[in-house]
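Engineer: This is the structure I have questions about; it appears just below.
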Amino acid sequence: MEEITNVMEYEEIAKKKLPKMVYDYYASGAEDQWTLAENRNAFSRILFRPRILIDVSKIDMTTTVLGFKISMPIMIAPTAMQKMAHPEGEYATARAASAAGTIMTLSSWATSSVEEVASTGPGVRFFQLYVYKDRNVVSQLVRRAERAGFKAIALTVDTPRLGRREADIKNRFVLPPNLTLKNFEGLNIGTMDKANDSGLASYVAGQIDRTLSWKDVQWLQTITSLPILVKGVLTAEDARIAVQSGAAGIIVSNHGARQLDYVPATITALEEVVKGAQGRVPVFLDGGVRRGTDVFKALALGAAGIFIGRPVVFSLAAEGEAGIRKVLQMLRDEFELTMALSGCSSLSEITRNHIVTDWDAPRAALPAPRL
């Protein structure tokens with residue numbers, strides 16, 4: 001096999017390796033999949049304005065997220081059921097993130113439990129939470145995440161119902177029989193069974209709370225001292241309410257284009273959300289990041305960091321832990337190179353003036369400085 005030189009190449013390998021039902025589950029988006037393509041395409045409508053003759057002999061990519069120092073502003077988003085991709089599943093992801101000095105977010109619907117993931121060794125980890133109708137289940141889960149040393153809760157707020165993912169309907173998607181949603185083992189809250197459509201859609205309809213509202217974000221703060229990131233914000237209005245509701249941070253996300261189709265790409269929505277947050281909490285982005293240039297563009301538009309999802313499961317399917325390590329290393333190397341070629345030696349030097357977008361007003365040339 002020839003050498004892999006970018007993140008996208010893992011998807012083709014994963015497609016060849018995985019059963020169709022599994023690949024389709026990871027790869028697909030909602031309905032027409034317009035937003036799925038747009039999450040990528042929107043990045044190509046942002047161009048660089050590189051600054052030259054700046055000393056870039058030393059480049060510092062380190063940052064802090066909720067007070068935790070990490071090696072780069074590239075983190076791992078929650079993706080469900082990773083043992084469908086590789087037998088080591090979330091264990092491999094946790095080890096790869098830790099080795100890269102960055103944060104992993106574990107999905108509620110993981111095929112490894114919070115305790116199992118904690119047992120892989122040290123590392124800063126966040127826990128993604130779905131709010132179940134049975135609030136005792138939620139309280140228990142949050143307590144277990146706290147006890148297992150998880151440092152924040154990423155509350156998914158864009159899924160009162162599951163988006164319509166037609167590949168999953170056609171494939172009658174269901175979790176393979178040898179796997180379980182480990183965080184719910186023995187909790188008696190229904191298993192994911194074969195259904196006439198997507199087994200996951202039926203499971204969500206039965207278990208996930210459609211009444212979820214802002215008051216539940218406040219309720220969550222009464223049961224945990226962990227900071228809460230609100231994941232799934234796409235508007236300035238909701239950014240403001242998130243801040244008022246006590247969120248410690250915001251993740252601009254359209255759920256990998258798997259929920260409501262024809263929402264904007266996250267990179268398009270980012271600037272509006274950053275303005276809505278008014279600098280009071282950090283704003284992160286997930287969705288469509290495949291290159292170091294994408295990371296730079298997100299930071300130039302105000303993101304404090306980004307999360308990657310599909311590249312993790314595809315590289316996991318292809319090469320296990322080594323694949324995820326390689327993805328993180330490639331993104332890191334590309335991002336470092338983008339910084340150097342743009343004239344930035346630290347994250348604080350990346351500004352809005354380093355990019356131009358197709359929604360910018362035409363820019364009047366600034367007068368040349370007197371030397």
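Including glycine, each Cβ sits where the backbone N, Cα and C put it.
A quick note: this is a predicted structure, and the numbers were derived from the prediction, not measured.
Annotations per TrEMBL:
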type	residues	note
ACT_SITE	H255	active site, proton acceptor
BINDING	Y25, R165, H255	glyoxylate binding site
BINDING	78-80, S107, Q128, Y130, T156, K231, S253, R258, 286-290, 309-310	FMN binding site
DOMAIN	1-360	domain 'FMN hydroxy acid dehydrogenase'
Engineer: Anything within 10 Å of T156 (FMN binding site)? Look among the recorded positions Y25, R165, H255, comparing CA atoms, and list what you find.
Structural biologist: H255
Engineer: Using all protein chains in view, find how many other C-beta atoms are within 10 Å of the C-beta of G309 (FMN binding site).
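Structural biologist: Result for G309 (FMN binding site): 23 other Cβ atoms within 10 Å.
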Engineer: Report the residues of the chain - excluding Y25, R165, H255 - with C-beta within 8 Å of the mean position of the site's C-beta atoms, for the recorded glyoxylate site, in sequence order.
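Structural biologist: Neighbours found: S28, G29, A30, L162, G163, D168, L200, G256, R258.
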Engineer: So for Y25 (glyoxylate binding site), how many other CB atoms are inside 10 Å of its CB?
Structural biologist: 25
Engineer: Go through the binding-site residues S107, R258, G288, G309 and tell me which ones have a CA within 10 A of the CA of R165 (glyoxylate binding site).
Structural biologist: R258
Engineer: Using a Cβ cut-off under 8 Å and a sequence separation of 6 or more, which residues in the same chain sit near R258 (FMN binding site)?
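Structural biologist: Result: S28, G29, A30, L36, G163, R165.
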Engineer: Whole-number Å only: compute the distance from the Cα of P78 (FMN binding site) to the Cα of Y25 (glyoxylate binding site).
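Structural biologist: That separation, Cα to Cα, works out to 14 Å.
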Engineer: Restricting to the domain 'FMN hydroxy acid dehydrogenase' (1-360), what is the model's mean pLDDT?
Structural biologist: 95
Engineer: Does G288 (FMN binding site) have same-chain partners at least 6 apart in sequence with Cβ under 8 Å from its own Cβ, and which are they?
Structural biologist: N39, R40, A42, F43, A265, T266, I267, D294
Engineer: Do you know offhand how many angstrom separate G309 (FMN binding site) and Y25 (glyoxylate binding site) by C-alpha?
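Structural biologist: Between the alpha carbons of G309 (FMN binding site) and Y25 (glyoxylate binding site) there are 13 Å.
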Engineer: Suppose we draw a 10 Å sphere around the Cβ of R165 (glyoxylate binding site). How many other Cβ atoms does it contain, all chains included?
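Structural biologist: The answer is 25 other Cβ atoms.
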Engineer: Where the record says Y25, R165, H255 bind glyoxylate, what is the longest distance in Å from one Cα to another among those residues?
Structural biologist: 13
